[in-house]
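Just below is one structure, and these are the notes that go with it.
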Amino acid sequence: MSHSDYFNYKPYGDSTEKPSSSKMRQSSSSSSSRLRSESLGRNSNTTQARVASSPISPGLHSTQYFRSPNAVYSPGESPLNTVQLFNRLPGIPQGQFFHQNAISGSSSSSARSSRRPSNIGLPLPKNPQQSLPKLSTQPVPVHKKVEASKTESEIIKKPAPVNSNQDPLLTTPTLVISPELASLNTTNTSIMSTPQNITNQTSNKHIPTRSQPNGSTSSSTLQDIVTTNSSQRSVGHHGGSTTSLRTYKKQYVLNEQLYLRKMRNRANDDYYTRGIVASSNFEDDEENFSNKGEDDLELEMDDLLKVEGEDKDNDFNFGYNFITSSTKNNENVVSMSLNYLKGKLDWLRDVNNDQPCEIEDEEWHSILGSEDLLSKLLQNPMVNNRFEWQTMLSKVLKGDIVRNEKTKIANQGKGPGFNTQFSDDIWIELKAWMNGRTVEDQNKSLRIFRDSTDSVFQEIMAFKLEDNMSADEAAETIKSLVDKYYRVLNLWPNIKRMHAEKPITKTEAFRNRIDTLNSWLNFKFNFDTNIAYLKKWIVGNKELESTTEVDNTTVNLDDPAVFATNCKRFAEQIMKEKDIELIFQKKIFFPLAPWILKAKFFFLKYQKTWNELNLSYLDQDLEFLLMFPMRLVKDIILIRLSYAKKIQNPTLMMIDQMMDDFSTYIKLAVQMKFTVASYCNDWFFKVKIDPEFDHTVVEGLEYFFSILELRILYSGKNSFKTSKEPDLLLKYWEMFRNVGYYIDDAGELIAAEFTKLTLRLVHRLHAYLLRQQNTPPKLENEAAAEKWLVQIFEILGSMKRKLNRFTNILTKAFQNFVRYKIEDHNYLLKQLKETGHFLIYTGGYLEQNGTYLIGSPELLGCKDDDILRIIKNSDIGCDLVPKLEINNSLTIYNALDDNWNSNSSLGSDISNDGTPFYYIKNDLTTQPRSYNGNRVNREPDFENSRSTEEEFYELETRLNSLGYVLVLTPQEPLLWEGEMYNLSDNKTIKPEGLNLKVIPNSIDLMCQGSSYALEYQCDRFQQISGSSVSFLEKKSSSETVKNNLQRINKAYFRCTYSVLKNYTKIVTTFKKVSPVNDLLNNIFLFGRDFGLNFLRINVANNEKRSIIILLMMRLSIGWLKFLAEDCDPTDQRVFRWCVTSMEFAMHMVSGWNILALDECQFSSLKQKISECMSLLISHFDIIGARSIEVEKINQQARSNLDLEDVFDDDMMLQVNSEFRVQSIMELEERIKRNPHQTGKVIDDSDKGNKYLVSLASSISNVSMRWQKRNFIGGGTFGRVYSAVDLDNGEILAVKEINIQDSKSMQKIFPLIKEEMSVLEILNHPNIVSYYGVEVHRDKVNIFMEYCEGGSLAALLEHGRIEDEMVTQVYTLQLLEGLAYLHESGIVHRDVKPENILLDFNGVIKYVDFGAAKKIANNGTRLASMNKIENADGEHEDVTHVSDSKAVKNNENALLDMMGTPMYMAPESITGSTTKGKLGADDVWSLGCVVLEMITGRRPWANLDNEWAIMYHVAAGHTPQFPTKDEVSSAGMKFLERCLIQNPSKRASAVELLMDPWIVQIREIAFGDDSSSTDTEERE
């Protein structure tokens, strides 16, 4: 097939003759207007051979293979990219792109101008009209070669769209083009608009030549398809000529290539596409960067310290005590240490050698070494001069004048029956009537039977089960006896009469026996029922096999191995659901809660009777019901872990999803273990918890922290995108801090991970600061400089403040260890013995090393595990009374422990979202509690909460019950005379098991339980020990946690040091661009506050604190210098700044700090203070003289204020408030209950199952491991959810179609099959991708591409799109997708804004093909795809076949009339036999959508109902067109072409792509690419 044949192939019977070969091979010097393509390959013969083998689709992006329109994308390739339009105006660089949010809909401030669709990367020139090309004068641009497409290995794997190419009936011949053409760019389409535009406009120099295989040289470009005779190639403006269709198709193919190429070259959103890579080690780049230059910092510190023997390099010796005093005043905060001050007194010797006060070396060293240093310094006159000046400054600044002026400035910003016998008679008469007797006979019969009942009562009193009787046998025996009792009971009208006649039945022993037997039978029946229900639930959720059916009733779940296998499969199945907590509540906790509660209640109440009857306890059944959810959640965690660990470099979106999953699973696991452990207390019943359960939860925690680290540290290393990282840490700290109390080995893990993450955040903050100081960004103007400076202030201030708060929380939570020095060994041992302490013998391992453990009296008689928990720091970080927030029916399990009394009972209700729940009610005072979502809340008026006194009593009781362990390391031999406790042989403690570094002659106190009890335990121990010990330090007993906290303190110091030391770099950088004094003054204010916060909050030794104080003193001098030299003295603001700066300087040089300044610094300080005082005096308003004069002037010039605007503002606020309240009420009314359908085993006799098997056997049936997320909306016949693919973490959309019965399946099956068949063959960026189908017994899931941006209808709810260029871009994408559909033989038939979605890049996607139909070659609708075999093996047609050329009857016409009336074409409503071109009805619908985008109103918005709309459309009317102010004339003509009544005259989608209005936006989008291509090829 020749190249010309590709462009003259006529799939719809075009009778136009093909151009001759000679015309297709014109020379490059031809003067005709031509379209130019890239070279057609190196070997044309090979290319032609490939072309002959199979047709390919327009828009194919690779030249390596060829596909039809239903070809599959490469795995992982994103089907759509953002349209990036760039400006072509002179003076603007090519390829310059605006930010996605840079498009402003209009200059107005309405909500309509801030809509989402504008975020598509469209750059707007300052004058859009000048940027548009003139259609009649533009030369034909050329294009460049298409770059090689990415290989499949370079693309992130993603579920590939499923396309069916095997069924010949489903394959539609489409426009066939050459393989080389499939990857070409398009040309400027403006030349195709009018006949006069197709002229000789391209010179020969734009047409490069290439060598042909035969050695000849010719022009092998797409311009060869255009003949020299322009009249033969004329294109009517509305596509009226015969040849125009062919030309449109050719141009459509060319334009499609460039369009698809632009889609693929989009800039992806990092949230969905960027893989987050974990750091290879803990010392990440941020820490390394912040450590860069540490040597320089230490050298500076050496120069500042001048203290010998100071260990400055030890991270773990940076201020041991984490106690932050809350009583520090400002004076004490800024006091330097005496040792540091000694190193700063050299100025006394070097100040002036001529003065007689010079000090000799020997005298100087004697002064510094003396104990009365301060008194000797006061004898020096120069020191006295400084203190005198300091006193004078303090008096001035604290005087009345300055205080009054400050008050004035501060105030400037402030503004101004029947009786018993009668009822018995009725009962007797009814009884006689029912038995056909007289009343007398009935009375006689009852007396005889009543006299014979004594034997039954005696049997009950003597009843006792035999030993070793099985539960089933016992149930039969008990049931027989109980049935006798109830038959006897019917002989009396009520129990009260029976008690009166038979006193034995009134005894407590008899009633207890009856109650116990009834309860036992009820428990046996309900336990068996619930166990069978759970097993059926497990087996019933197997996925439907596509070929065979499995009888799930034959599965033996009593076999533990079989049950474990099915349980794992079941866990994997329910993991797909979006809300695991809700599933556990509805399916497990709610049905089991009352019976589990009653099981414990009745046993404790009737335990004595239980033993008398020799009843066996149903402990195995109860254990199964308790342990089943724990086993299930364990399997869920393990399965989720296996999937999560397979994902390499997850995106931020995947990380968020996994964090939500694992936090939910861990929370459920902890709640269930706590509930089971509490339930088993106080009675004989015990369960054995899986020893691997805790390990699984810890493993889940470890992975959670690994992805939390990625989530917090994901952003670029140059800046912080948000300051939410500490908030995220605080959120999960509140969630997990008590987990260590319930899960073994979790406490220390949580503590270590939180401190590690906090440390890394502080390092990142320091690294960010250093980057801004040393390598600031290029600031082009004053606005950029101001934005940069404000960003630094916000990030440093906000992050430091939040991190400080979180660090303080961690520090207090992890302080569980205090170290004392032993002063009197013998007295200490004596006191410990007398107060009941005991020696804990660990097996000799610790004792051989000189370390001994001594327990407090509270621990005597405790379990070994309790002591080991103290040693292992298991409860580190927990609350004093650890509690869990349980918002489900697990709270009912242990209701006996929560204010249960004789008046208590269970009540049930259903929440607003359909979730059932139980609550405890008291018959005397109760009202039902409300249920809000998954949270149970008591109404405040009826809440039986404990008083404050009771809560304090609980805390006090808990505190008194806690003990402590002393780790004693004496220098002397230990002779213990008190009590001793031996640990079990398997519980011995070895030195390496003691996570503590001991030092000789010390005693370490490790408290039990929460770290918040440490203060209380320390006070107790110090009262016991007296003066025999002295305090050394308080810290965490975990070495890892302690070291991390020490490193955090050092990181805070280094960050503060950098702020104060290098503030001049920030000032210099800012002053180069903007000399705004207000912002420069804020730099000094920020430095002051940053330093003071460190001194008040953070921990450091005295020498390090002194360094910060000295730097702050230098900062104060620099601040005063700035005010005196750079600021305008007449500015009122400078007065306020001077007062603040001098007060800061006075505060910093107070006390002995003033001696740390050298003479030069002190002189500069005095000079700048004098200048600032002069400035203050010029602003002083003595006795108000100046203010009175200014007030007189202001009164003369003051005008009356119009308060009308104020009232108008108040009215608008009230209206807005009412509108919001109304919206909230409407939203609450729309909340519906979500019923749940229970699956059934498939039945061969059910006709509906044939449909399921047909769908399951489809080639697009996939086996995908996924998990449901949020509800999105409803489609034509299903509900749509977002979901995550567990194999790769990608987000999908899942249309869930519920199947009620066979009739509903027969009704919706054709629609499902039709939509699947349509989606399988489609593959285009503007059509939602289809990934496959998953078939179950009660529902069908269809997997499709997820569109994050929502629907176009939701977008238009905010108003019209005021920017016409944005409307053009959307229309272009809509036409591209519609043209592809029609070229593939698909008619959508329901085009409307609700079926048009936008992905996360704002690109249009067609969706919901439930109403679409596929047209075969002969123009008839395909029906074979909707045939299935019935029960007799014959084919049954489940759809109606209609001819597109003639409608046979009204029934078929009504079936073809599908869509939404306000968007339906006239021929669709009237059932006209004149259908016009293929897809003409879609074009009408498209015009209605464009009309709505322009006007913001739905078509026919002025009509009341759909019948009126259909009447007007059928009558030949058209919707109301927009005004001239809303759209240009070109856009108006485009709408006219779309909304032509006659479908034969209505333009097709391909023709509309050549409309000037669309050509205009295409020219702006792709014009520059064409011109740049020409330059590259000529080079």
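Even glycines carry a Cβ here, placed using N, Cα and C.
Looking up SER62, SER104, SER190 in Swiss-Prot shows the phosphoserine annotation sitting on SER62.
In Swiss-Prot, the feature phosphoserine is attached to one residue out of SER118, SER220, SER947, namely SER118. Checking the candidates SER28, SER218, SER290, SER1472 against Swiss-Prot, the annotation phosphoserine falls on SER290. The DSSP secondary structure for ASP1390 (active site, proton acceptor) is coil. Every protein chain shown contributes to the tally, and the Cβ of ASP1390 (active site, proton acceptor) ends up with 22 other Cβ atoms within 10 Å.
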